[in-house]
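Enquirer: Dumping the structure here so I can ask a few things about it.
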């Protein structure tokens with residue numbers, strides 16, 4: 001079967017939810033038995049999001065093969081079974097750096113390097129490479145039509161549609177259809193102008209996804225179809241909903257998947273959305289609720305912890321619980337004290353970088369340990385739990401990480417200089433290495449200790465989880481901390497690096513060096529998050545007695 005391409009663009013305003021719409025359509029097509037993948041093309045000039053501020057860009061999602069990518073790839077993996085790779089996300093910066101590398105190497109034989117054809121050809125080559133082996137590839141272009149940054153991507157996709165044939169390509173455009181209260185009606189003019197902008201660069205959309213706070217009336221959909229030269233059945237109303245996991249059913253109810261299959265002449269069974277119906281049923285019918293305190297430094301933008309937020313919700317689904325997340329700035333713990341932690345059922349300290357707010361996180365871990373509050377530490381959340389235990393239990397009063405104090409006397413966490421990657425190759429880093437692309441990244445094996453809580457939760461001896469960090473537990477000082485009672489219950493493939501720690505004589509205190517949130521999905525959940533939320537609910541029931 002020839003690969004079919006769906007190109008997704010957005011107009012009028014940004015943040016319309018192109019990624020969610022693309023992932024939802026992919027979920028329906030996957031439910032029809034098709035092999036689907038999704039790509040995200042980002043117009044910014046950074047090579048990848050790895051060094052971008054989480055408060056500007058949101059979280060960095062790490063793929064199985066170690067790519068630092070846009071958070072939309074997290075949405076893709078949560079909606080479909082296909083795992084994303086380095087091929088599924090690239091930026092203007094990555095395209096330009098590759099073209100310039102080829103130019104320096106002499107690949108272009110002295111030609112003048114131009115946006116057309118060299119940049120557009122590189123974009124097309126990467127899209128085609130990422131589509132290999134799939135029935136349908138959905139390609140989302142970041143930004144808004146009309147932005148200067150996205151023009152090379154749109155031109156490349158226009159050319160690609162001509163090359164592979166319009167019978168194998170479909171353009172899907174998301175627009176805003178605002179409701180004007182004073183007029184008492186929705187307005188279609190912004191959509192018409194957005195389509196006009198798209199037409200000016202040679203692209204005629206085949207499907208319009210119209211975002212609004214309500215369903216768009218049939219007469220307005222007919223009007224949009226007429227003036228935008230689109231089939232009326234291809235004008236899809238996408239209203240605001242309580243849960244993003246309602247979107248697949250909403251799109252299917254309007255026949256979007258049927259339209260796509262007919263366009264590509266695909267014969268496949270009806271979509272079976274039973275799993276998504278079960279997700280929505282659990283979400284709508286919780287048997288209880290818990291409040292989780294998330295203590296971090298990027299709390300002003302919840303998207304900085306997008307996958308963690310979603311993983312907590314998935315754990316709620318697994319346990320039939322409604323999970324309320326209370327965001328707590330770790331600096332508030334430093335300035336206001338542990339009073340800000342009162343009234344929560346469980347504490348989660350996620351990953352992060354830099355010294356700001358670290359002492360607040362350490363006090364948070366101490367509060368959770370001493371007050372028997374369920375605690376889940378992720379990446380930095382594990383490291384600060386180790387520092388706290390070393391200082392207050394193991395007698396290493398000057399314990400710290402060399403990330404925060406390069407001259408600390410007792411660096412229980414230190415810069416990792418050498419480790420093995422998933423293929424068994426040795427990676428080496430130093431203090432002088434660049435910030436971008438120099439971390440321990442991607443899926444790594446972890447051995448779980450028999451009899452541990454982690455082993456009980458996962459139900460197997462060996463697991464694979466994703467990493468994104470530079471610093472590791474210092475094995476030189478580890479014996480003294482273990483002697484004081486701390487349990488190391490997860491080790492790397494070569495059994496040299498600490499992956500999971502547990503505090504004994506505590507209802508639930510588990511911390512891991514990896515990022516379990518990247519592999520949690522609404523249909524399957526994740527054992528660590530499920531166990532944590534269950535423990536938090538047990539704690540909640542005690543507190544209300």
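Placed from the backbone N, Cα and C atoms, the Cβ positions cover glycine too.
Residues or ranges marked as active site, nucleophile in Swiss-Prot: 379. The active site annotation in Swiss-Prot covers 515, 517, and the record cites sequence analysis as its basis. The CTP binding site annotation in Swiss-Prot covers 14, 147, 148, 149, 187, 188, 189, 190, 191, 192, 223 and is backed by sequence analysis. Annotated UTP binding site per Swiss-Prot: 14, 187, 188, 189, 190, 191, 192, 223, in sequence order. The annotation ATP binding site is assigned in Swiss-Prot to 15, 16, 17, 18, 19, 20, 72, 239, 240, 241 on the grounds of sequence analysis. Swiss-Prot lists 72, 140 with the feature Mg(2+) binding site. The L-glutamine binding site annotation in Swiss-Prot covers 352, 380, 381, 382, 383, 403, 470, and the record cites sequence analysis as its basis. Taken from Swiss-Prot, the feature domain 'Glutamine amidotransferase type-1' covers 291-542, and the record attributes it to sequence analysis. Residues or ranges marked as region 'Amidoligase domain' in Swiss-Prot: 1-266.
Map the listed features onto the structure and describe their local environment.
Expert: Close to residue 379 (active site, nucleophile) in the fold, though at least 6 residues off in sequence, lie 350, 351, 352, 468, 469, 512, 513, 514, 515, each with a CB less than 8 Å from its CB.
In the shown protein chains, 23 other C-beta atoms lie within 10 A of the C-beta of residue 515 (active site).
Sequence-distant neighbours of residue 517 (active site): residues of the same chain at least 6 apart with a C-beta under 8 Å from its C-beta are 307, 308, 310, 311, 350, 378, 526, 529. When secondary structure is read from DSSP and collapsed to three states, residue 517 (active site) falls in the helix class.
Around residue 191 (CTP binding site), the same-chain residues at least 6 positions away in sequence with a Cβ under 8 Å from its Cβ are 11, 12, 175, 176, 177, 208, 210, 224, 228.
Neighbours of residue 190 (UTP binding site), defined as other CB atoms within 10 A of its CB across all chains, total 15. According to its DSSP assignment, residue 190 (UTP binding site) is helical.
Shown in sequence order, 40, 72, 75, 76, 140 are the residues of the chain, 6+ apart in sequence, with a C-beta less than 8 angstroms from the C-beta of residue 19 (ATP binding site). DSSP assigns residue 19 (ATP binding site) to a helix in the three-state reduction.
The local packing around residue 72 (ATP binding site), expressed as other Cβ atoms within 10 Å of its Cβ over all shown chains, amounts to 25.
Residue 383 (L-glutamine binding site) carries a helical DSSP state (H, G or I). For residue 383 (L-glutamine binding site), other Cβ atoms within 10 Å of its Cβ number 31.
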Enquirer: Among the binding-site residues listed here (17, 352, 381), identify the one with the smallest other-Cβ count within 10 Å.
Expert: 17
Enquirer: As a test of the contact definition, list every same-chain residue at least 6 positions from residue 187 (CTP binding site) whose Cβ is closer than 8 Å to its Cβ.
Expert: 177, 178, 179, 180
Enquirer: Cβ-Cβ under 8 Å from residue 382 (L-glutamine binding site), same chain, 6 or more residues apart: which ones?
Expert: 500, 501, 511, 512, 513
Enquirer: Using the structure shown, find which entry in 148, 380 (the binding-site residues) has the sparsest Cβ neighbourhood within 10 Å.
Expert: 148
Enquirer: How many other Cβ atoms are found within 10 Å of the Cβ atom of residue 223 (CTP binding site), counting all protein chains shown?
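Expert: Around residue 223 (CTP binding site), other Cβ atoms within 10 Å: 17.
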